[in-house]
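Presented below is the structure to which this report refers.
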């Protein structure tokens, strides 16, 4: 009898590294997770230690195999999904990072972004990279590192330094420096990549003064990139055969591979993606045009709206405000009151993402009266996640001309039934919650498994996409629009807060 085979998905996130083992029926066999330190050197700055990312991720791989009691030669392939945009520059010779990883949430490059806008590059960048000018993306982060680490730009020109997003860093480490690659989805988040020619964009490299020598090779999201024996007893070589940025992996894991299908992931931030097939739709409404995975991991396009603060705003209630002891408590307290008593929380702690793109917005609570208590504020914070999702969906429908019939959801916060019901109420659309919650890992596993023939095609995977619960709108249109108008008013007042503070 042949040994049973499995796929391992490595899910390197913003706050933790995880490893997930799946069998052929897409059942989760075991999960291992390790958190790592968030570094905040200055207000609005966010960093990670790349060596800690590697240490936590590699140890979860060893751990998850031990937990599942399977040997490395039972692993058919490894797929990688990762926090996107986070930027690492390291020495080719030693593998030592020259600076901490600059995280996607970090706003330190706002000034560089202002220069790009003043130089009239907005339309060029939107047309060619699909992105807006914002500190969120990797390009300005790489420039910042090269500007601030002495001699680094010259070293990069000499081929001594390498740049990578987290996927690239992990594969480089897993292959002992033999493989320096990324995939189309991650490359499309750098602001350095032309999403039409599918190559690094010479003009952007010139504008940001980033040497081409340091960039990884860009490949499909589903193919064999190299082999690793990390965690392997006796040096079994396991193919690494799937890479996708976390949101594109979730889109694929939800099997949103046809034009017009959309999903929203509720994690640290909120990310809604709608597959637009082989057509790159240029957004007129503050969304991003990004690369997604087609049915066999080939290039498709998607519209994306990124909301920076979703689960992070619940953590704020817990860690800074001390209003709850556990994120799961938020649902209980939110349902202790009938409504928010007129309160709106705008969680613009690091500015606002889509469709506003205002790095100078700041968090605010509006509508406070004497009768407002902690439960109202907890409820309003949860509701802010759903309102921000509606902001994005409105923009998406305007750009694509496609009316969404159902939204597939995933991520930690979807366990919150209050939030999911309110989401359906405020959108006026069905919300579908899948049985398998680990859709990001699932997407990475699918991409890796398809590349090595573990699964033959997507038809084989369709029956595994079971919807566990469907939420339907329970409020009238007038009420929905009235509440949403209040939210829009609150957002308007939170915008451009920081820039007047000379």
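Just so it is clear, glycine is given a Cβ too, placed from its N, Cα and C backbone atoms.
Source: prediction; values computed, not measured.
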- prompt: Among 14, 335, 340, 369, which residue does Swiss-Prot annotate as binding sn-glycerol 3-phosphate together with 84, 85, 136, 246?
  reply: 14
Statement: Fewest neighbouring Cβ atoms within 10 Å among the binding-site residues 18, 84, 237 goes to 237
- prompt: Whose Cβ lies within 8 Å of the mean position of the Cβ atoms of 84, 85, 136, 246, 247, the glycerol site, other than those residues?
  reply: 83, 86, 104, 189, 245, 271, 306
Field: binding-site residues near residue 247 (glycerol binding site), in sequence order, restricted to 84, 315, 479 and a 10 Å Cα cut-off
entry: 84
Task: Give the sequence-ordered list of residues that share a chain with residue 15 (ATP binding site), lie 6 or more positions from it, and have CB atoms under 8 Å from its CB.
output: 35, 36, 38, 268
Message: Whole-number answer please: how many Å between the C-alpha atoms of residue 416 (ADP binding site) and residue 84 (sn-glycerol 3-phosphate binding site)?
response: 25
Field: ATP site, defined by 14, 15, 16, 268, 311, 315, 412: further same-chain residues with Cβ within 8 Å of the Cβ centre
entry: 13, 267, 312
- request: Output, ordered by sequence, the same-chain residues six or more apart from residue 14 (sn-glycerol 3-phosphate binding site) with a CB under 8 Å from its CB, or 'none'.
  value: 83, 86, 103, 104, 105, 267, 268
- prompt: In Å, how long is the longest CA to CA span across 14, 84, 85, 136, 246, which the record gives as the sn-glycerol 3-phosphate binders?
  reply: 15
